[in-house]
């Protein structure tokens, strides 16, 4: 009775918790206590079943004991005494009979219940086990496409990482090996920091200025760079610039001044000469050539060379070469594993380029299919696009393309890329159309060549796009170049 009472109190037990909700732990503990109460009740129910056996044993012992005494009674006893003994034995026999029936009933009940009370949980267990495995199989089947897509995306991401890392490493090496005095294009013919010699009551001092020069108008400006306490220059220009019109520029001889890298300029607005100091010899040469000094002019020769190179390539011969390469790939090698990813032998590629773009070669020169293998042709196509001094998608629109694909809105990305493509020069857009149409066909055979849209983006992103200035920011944006190409391929018809 005590156990039953205790189990009932466990059933009724309720946790008091802070707040209007219980934690998972509190809920689980309360459920465990109720389960414990149910277990105690079940045990007591089994104990009650055992009471029938005890009662039978007790009545049996009592009955046989009285029966034995009754049989040992002497026949000489008084009739009344014998009648009382018979009555008592009949009563005990009745009790024994009832206890026997109850005991047999309990035995029959237990034996029959065993047939289902044992088998039912076993069946439920097996059913649960089979259900678990069946549901697991069904879930595995449903999960399979997602798993395959995830593996596919992971591989693409790994390939993208490898390609981006190689591209960034290449860009980093180029930046390391580049001339430190490289000057990115700007609106000025020349700009940068110069030290200007200024007279003081006790001699001369050199003050850092930020200077610009426009060759067309011969306008030279200089602004004092702000200096922090302690003499450290933070590079900020706060003063109004002084504007002069250049009269002449002369390199300063080393033996005429104790400072290196100096040159003198004359201006109309100020009498005398202004002595300036550059950061290095090469930096001084850039200033001198910009101001028509005595140093040979080299930067414009380089720019002219690039310009003529681009004009030479983005012409009939270039279009013919691209079309012939694409035809060769589509007719004999579009299913080749690693198409465009595996490069050809450099010497063969260079020989192909020299053959096609030789000044003596006709613009519509054919590509000998038997002479040039597929890897050489695909590498030649990529090499052609990389060799343009300005990438096919232009320096001007580079930042706009990057900003467009950084948006979280997929529809906006496509619309923005679409609009920007139609801002490209006509020849660039025509060449891009030819190439992307081909890459769409390549991607349709990705089951054989493994060149998915993502993989093609990795390969042609840096080929079709590059920043005008090779900076750290440009390195960080390489992966977005790939996304631009992916959008062009996936949404070719719309774009």
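Cβ atoms here come from the backbone N, Cα and C positions, even for glycine.
Feature annotations, reproduced from TrEMBL:
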type: COILED; residues: 147-181; note: coiled coil
type: DOMAIN; residues: 187-296; note: domain 'PH'
type: TRANSMEM; residues: 297-314; note: transmembrane segment
type: DOMAIN; residues: 312-495; note: domain 'Rho-GAP'
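Within the same chain, residues 279-280, 282-283, 286, 452, 454-455, 457-459, 462, 470, 474-475, 478-479, 482 sit at least 6 positions outside the coiled coil (147-181) and bring their C-beta atoms closer than 8 Å to a C-beta of that stretch. Per DSSP, the domain 'PH' (187-296) is made up of 13 helix, 58 strand, 39 coil. In the predicted structure, the domain 'Rho-GAP' (312-495) carries a mean pLDDT of 89.
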